[in-house]
Amino acid sequence: MMEDTIAAISTPLGEGGIGIVRVSGPGAIEAVKNVFIPRQSKDLSKVPSFTLHYGKIVDPADGKIVDEVLVSVMRAPKSYTGEDVVEINCHGGIVAVEKVLELILKQGIRLAEPGEFTKRAFLNGRIDLSQAEAVIDIIRAKTEASLKLAGRQLSGELREKINAVRQKIINILAFIEVSIDYPEYEFDEVTPETALKNIDEIINDVRRLLSSYERGRILREGITAVIAGKPNVGKSSLLNALLRKKRAIVTDIPGTTRDVIEDYLNLKGIPVKIVDTAGIRETEDLVEKLGVEKTREYLNQADVTLFVVDVSIGIDEDDEKILSLINKDKSLLVINKIDLLQGKVNFEQYAVKTGIKNFVPFSARNFEGLEILENKLYEILIPEQEGEGESALISNLRHKNYLEKALNSLLSAKESIASGEPVDLVAIDLNEALRELGAITGDALGDEIINEIFSQFCVGK
């Protein structure tokens, strides 16, 4: 339990119905009591936990009313932080909320650092580190699927799986320690064959977790899809079609889009940052030149490229130049303006000419082929469809890195057993794997790394 008490505004500043000032620590109730006058004569220090009280916040210096509020009291240890927590629900807006916070801080309360409320929940043992990280993922979730994944992690599902793997390692280590302490006895549990079988089982557990990372990463972080092509092939029209709204200006004049336009698309639960770029061509226009350079930068960073060509023109030298800038394996060829066709066209010849195997005939004018385009894009991102994220559990790069380190230690332990190394050397590798897995839940992690993780949070959380 922390000795000092902290406070911060927990809602975004700006006009709104409600603004919340959160106070946590041993002095939370007393601090609020000093500035809160309840409608009924109540002693805030004696009210039950999980109760809500109507009253007024008053400036003790002059007795003037600042705001009408609702005050909720949540006593330790059953609160968000595991400490006494008081939340003051006042009217939204900048001045009122900041004034309430100012009065609380004058009671000897410290302004909270970014993520400090959640950090206290972790340090007080209410949640583990993976659950704390899930809190920020919930805040940042852009789709229902990414929210669902973060919710599973917050509920402790990842912690349970990690702890189950750690317990298997501990069981092996226990038998190894016994065999080291009592070498005169023979134990069936620590024969090389049994140990190899048990370690293989643990290795498979870790690999299963690791195999879910790529899908989990996409759900958590989203992907960047860049629309590329020469001027006037329908890139902006494609953006508008995907978003189902007029986000970009569309004209028949080449070079209308001079800068990148970004927006977000929910593609079957995947957060997709869709980027409409300036058409790549040789130009003397300075502004358009800068837009073309920015397009090149985005193409280098793209997870997938939607390469748009005009079917009424075909593939020409300008298209070939752009093709040299993109990753064809992570691209979707959009053969646009099929509404202008008079006869049959062999669309596969476009795939052969461009070297992009994934293609879709499309009309940005009447949206023909839009659903097929979205399905193709999804297949490129998720080659093996696994549903809406049920099997994905690892989504954080930090978790992936520690799982890989643990896997390497387990493989080293397996190799040591197979080559007949002494069991105490095997124990070194197993203990290392145990530490790496513990770092995911925060059981074996230094203060500097913990502080860095919580610094990513906003103030008030």
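Every residue, even glycine, has its Cβ placed from backbone N, Cα and C.
Reduced to three states, the DSSP call for Lys461 ((6S)-5-formyl-5,6,7,8-tetrahydrofolate binding site) is coil. Feature annotation from Swiss-Prot assigns (6S)-5-formyl-5,6,7,8-tetrahydrofolate binding site to Arg22, Glu87, Arg126, Lys461; the stated evidence is sequence analysis.
For 222-382, the entry in Swiss-Prot reads domain 'TrmE-type G'.
Under the DSSP three-state reduction, Asn232 (GTP binding site) is assigned to coil, being neither helix nor strand. Marked as GTP binding site by Swiss-Prot: 232-237, 251-257, 276-279, 363-365.
Here the Cβ of Asn232 (GTP binding site) has 19 other Cβ atoms within 10 Å, regardless of which shown protein chain they belong to. Residues or ranges marked as K(+) binding site in Swiss-Prot (evidence: sequence analysis): Asn232, Thr251, Ile253, Thr256.
When Cβ atoms from all protein chains are considered, those within 10 Å of Ser236 (Mg(2+) binding site) total 24, not counting its own. Residues or ranges marked as Mg(2+) binding site in Swiss-Prot: Ser236, Thr257.
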| message | Please identify, among the binding-site residues Arg22, Glu87, Arg126, Lys461, the one with the smallest Cα-Cα distance to Asn232 (GTP binding site). | response | Lys461
| In this structure, which of the binding-site residues Arg22, Lys235, Lys461 has the fewest other Cβ atoms within 10 Å of its Cβ? | Lys461
| message | If you compare CA-to-CA distances from Ala364 (GTP binding site) to each of the binding-site residues Arg22, Arg126, Ser236, Lys461, which comes out shortest? | response | Ser236
| Packing count at Ala278 (GTP binding site) (other Cβ atoms within 10 Å of its Cβ) | 27
| Can you tell me the three-state DSSP label for Glu87 ((6S)-5-formyl-5,6,7,8-tetrahydrofolate binding site)? | strand
| Integer Å distance between the CA atoms belonging to Arg22 ((6S)-5-formyl-5,6,7,8-tetrahydrofolate binding site) and Lys235 (GTP binding site) | 47
